[in-house]
Amino acid sequence: MAAAVVVARGAGARAATAATLRGGCGTAARGRPCVGPARPLCAAPGTAPDMKRYLWERYREAKRSTEELVPSIMSNLLNPDAIFSNNEMSLSDIEIYGFDYDYTLVFYSKHLHTLIFNAARDLLINEHRYPAEIRKYEYDPNFAIRGLHYDVQRAVLMKIDAFHYIQLGTVYRGLSVVPDEEVIEMYEGSHVPLEQMSDFYGKSSHGNTMKQFMDIFSLPEMTLLSCVNEYFLKNNIDYEPVHLYKDVKDSIRDVHIKGIMYRAIEADIEKYICYAEQTRAVLAKLADHGKKMFLITNSPSSFVDKGMSYIVGKDWRDLFDVVIVQAEKPNFFNDKRRPFRKMNEKGVLLWDKIHKLQKGQIYKQGNLYEFLKLTGWRGSRVLYFGDHIYSDLADLTLKHGWRTGAIIPELRSELKIMNTEQYIQTMTWLQTLTGLLEQMQVHRDAESQLVLQEWKKERKEMREMTKSFFNAQFGSLFRTDQNPTYFLRRLSRFADIYMASLSCLLNYDVSHTFYPRRTPLQHELPAWSERPPTFRTPLLQEAQAKCFHHQGVLEADT
């Protein structure tokens, strides 16, 4: 996503590169006889062409072209509050809206991950007898990103692309990067075979040695794993990585299961929950248009009630036709054996057989098959939102044909970075330089190869710079150097649409149709991607223009 933004905005760096390269030696447009992408400067009869001069002149010409292109790209900034589409979908077809709770209806402050990290760290010390010295490690919110893979047996954290290749420079043992040479020796290259990858739900099981961290709640888990690994390594303590992984996983789980996190949030709800009246605005908008709504969450009843009462209001249940808590997703979508149980106002479980899911009631556990039977809500008229691509969305789209919407909070901050002039300048030139290397690699003489090596060095340095724009260790959530990440591959497969938050729905009519942009395949002409994105890319200027228009209408009415 990040690396493709320049092309998506308009003419793109590739178009600029193509235009420059079509100029042959850089002078054909001015009437010089030399043309063609691979021909050197014209030389006098009997003399060899000056390849070094030729290549650097093409380099400078491409540089000028991209510098001239930047202002037009800056006029087409992407809107961080837009909804992006992987699959064509019309909201006019949607009759029922479903929601997860955590990081979908409710967002948490930065304090929550610190709480989870500290609580799990203390459980390691107090219950698993880990050294008390690990208490010196504190949570670093800038260390990890979502979607990373962890090799359980080798105790290394890494970023993998959509083709199972490790992004070199993003492999960490403890808090230190593993040298590229060691990674290549460890994996006999940089490719991770399918049988070593995580299973369908991102877990390390059935012989899979990799675990993929897809949950936003997993950020403190990755950081704690890395910190304890760091302590053992720094102190030359021999340990079993598999045991460490299991102990950290169990400690993080216990923070949830034992209610440590829930009690802390309920005790200081203003500290941990980000209040946003837009959540209620979204739900009210859908209700006003006659849409059915339901909630399916793994969180407990009292916790959900206090959170929803805070962000939506004490009457929040009036907005939902069905509320299901402690659903145990993804088992909820696959296990047909667990029946629903009704809960009374005091949270006591009742033994009644459930013949109908009633509005205003809260139900526990259950399963999707019984849910479909009792509600009749099937197929593509249902749209379900969640933040976990596997637990929330995968089964629904693959097995049941529901439409799915992914909530990706990181999207907003990444788009804001991608809208900066520094990022646009860097990415535009990086793509142009890549195009130059692709075209000029045909020159195999020693002088040309020295120049190309300098360009490759510059390209490598720029790649590292673009990575650090997002996260110093692991870069963007959506891209490796040039490929989509494994995270984005799964997002593209399991989510029809994705956005930073539910509030983005307020920018669209309930009959809006989302069209995915037609990006060219490698064997197709790039003409479509190089055309102005008037109808295809959600731009910031368009959103602002709409805002000003509505504001003018309101002022005229008053």
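Cβ from N, Cα, C; glycine included.
Positions annotated as Mg(2+) binding site by TrEMBL: ASP100, ASP387. According to TrEMBL, the feature active site, nucleophile maps to ASP100. Summarising the annotation, TrEMBL assigns GMP binding site to ASP102. Sequence annotations record features per position, and here TrEMBL assigns active site, proton donor to ASP102.
ASP387 (Mg(2+) binding site) sits 8 Å from the residue listed as 'GMP binding site', taking the Cα positions as reference. The Cβ neighbour count for ASP100 (Mg(2+) binding site), using a 10 Å radius over every protein chain in view, is 24. Around the Cβ of ASP102 (GMP binding site), a 10 Å sphere holds 21 further Cβ atoms from the protein chains shown. For ASP387 (Mg(2+) binding site), other Cβ atoms within 10 Å of its Cβ number 23.
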